[in-house]
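**Student:** One structure, pasted below without further comment.
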Amino acid sequence: MIVLGIESTAHTFGVGVAQDQVPFILANERHTFVPQTGGMKPSEAARHHTLVAHEILRGALDRARISIRDVDGIAVALGPGMGPTLRVGAVVARALSLRFNKKLVPVNHGIGHIEIGYLTTEAKDPLILYLSGGNTIITTYYRRRFRIFGETLDIALGNMMDTFVREVGLAPPYIVDGKHKIDICAEQGSSIIDLPYTVKGEDMSFSGLLTAALRAVKKHNLHDVCLSLREIAYGMLLEATERALALTEKGEIMIVGGVAASGSLRSKLEKLSNDWGVGLKVVPTSFAGDNGAMIAYAGLLALKHGVHIDVKDSTIRPRWRIDEVDIPWRD
């Protein structure tokens, strides 16, 4: 079975191809919208996706060395994400499904991140840290659902860091030579300043930390603020993770999502894992950020278990939570 997957939930338009035998991933093509100034405007990102969609789709099929007629299903991320960009991917997927008579498979973006993590890390039953620009979630699988133990109460960890470096003039670009600008800035910091630290049970709040850090730049060295922001944010995440480990007694931690590419976070989680005597599984950098391959692979798992929908039912879901998705393939 072969499934083509389309990702367009935020700044990246990606198309991947997955099959149910080794090698599982046949193609993973994408192009990311980078605003010249300020934050990302959904309408501008959607325009970008519309312009690159044909090229990325053609590139994925060529990379996989297949024709669209060879695929068994079209998987598409219907949420969560930004409405305008989600609609671009949905329109492309619907058109392909109707034109070539292919089954349409709805995929939750977060489930895509998690399933590509399982595939690439070979994790068995992990505590999952899903960390990206739009999500900060601590979860694990239980009885056909991913159950959330902790999450951000406001903005996500990745979004908080992106916003900070943009507001202080360090970005865009946000990533240079594989390092986030917050890490590059923090390398020259030497002192930790007092900033809000908010953990409630296994939930975290980052908005107050962001506001305080932006104010602190006026009184303190920027490098020290970067260092403090990063260390306090990661400290909050680690505390919540330890509480979830104590509760679930899992034997391994799996990190997925774009923030999984952070070397500084990885080193902290390696120490935490060693202290707790559990394994640490980190999704490869090539699959950490948003990509079409993860949608294709999650769609493949779903289609093999009979999950597909009519085009008329393919409404986008900008606030679609991972704990709302039935997972028939993990039992």
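Cβ atoms here come from the backbone N, Cα and C positions, even for glycine.
Annotation source Swiss-Prot lists Fe cation binding site at HIS109, HIS113, TYR130, ASP290, citing sequence analysis. Residues or ranges marked as substrate binding site in Swiss-Prot (evidence: sequence analysis): TYR130, LEU131, SER132, GLY133, GLY134, ASP162, ASP183, SER262.
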**Student:** Output, ordered by sequence, the same-chain residues six or more apart from ASP183 (substrate binding site) with a CB under 8 Å from its CB, or 'none'.
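**Tutor:** Once residues fewer than 6 apart are set aside, ASP183 (substrate binding site) is near ARG230, SER262, GLY263, SER264.
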**Student:** Taking just the CA atoms, what is the gap between HIS113 (Fe cation binding site) and LEU131 (substrate binding site) in Å?
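**Tutor:** A Cα-Cα distance of 10 Å.
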**Student:** May I have the list of same-chain residues other than HIS109, HIS113, TYR130, ASP290 whose Cβ is within 8 Å of the Cβ centroid of the recorded Fe cation site, in sequence order?
**Tutor:** THR9, GLY110, GLY112, ILE114, SER132, ASN135, VAL256, GLY257, GLY258, MET294
**Student:** Which residue among the binding-site residues GLY133, GLY134 has the fewest other Cβ atoms within 10 Å of its Cβ, if you could check?
**Tutor:** GLY134
**Student:** Measuring Cα to Cα, tell me the gap between LEU131 (substrate binding site) and HIS109 (Fe cation binding site) in whole angstrom.
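**Tutor:** HIS109 (Fe cation binding site) has its Cα 12 Å from the Cα of LEU131 (substrate binding site).
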**Student:** Please compare the binding-site residues ASP162, ASP290 by how many other CB atoms fall within 10 Å of each one's CB, and tell me which has the fewest.
**Tutor:** ASP162
**Student:** How many Å lie between the Cα of ASP162 (substrate binding site) and the Cα of ASP290 (Fe cation binding site)?
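**Tutor:** Distance (Cα to Cα, whole Å): 16 Å.
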**Student:** Rounded to a whole angstrom, what is the C-alpha distance between HIS109 (Fe cation binding site) and SER132 (substrate binding site)?
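**Tutor:** Here the two Cα atoms lie 11 Å apart.
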**Student:** Between GLY133 (substrate binding site) and ASP290 (Fe cation binding site), how many Å separate their Cα atoms?
**Tutor:** 10
**Student:** What does DSSP assign SER262 (substrate binding site), in three states?
**Tutor:** coil
**Student:** Would you kindly give the Cα-Cα distance separating ASP290 (Fe cation binding site) and SER132 (substrate binding site), rounded to the nearest Å?
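**Tutor:** Checking the Cα atoms of SER132 (substrate binding site) and ASP290 (Fe cation binding site) gives a distance of 9 Å.
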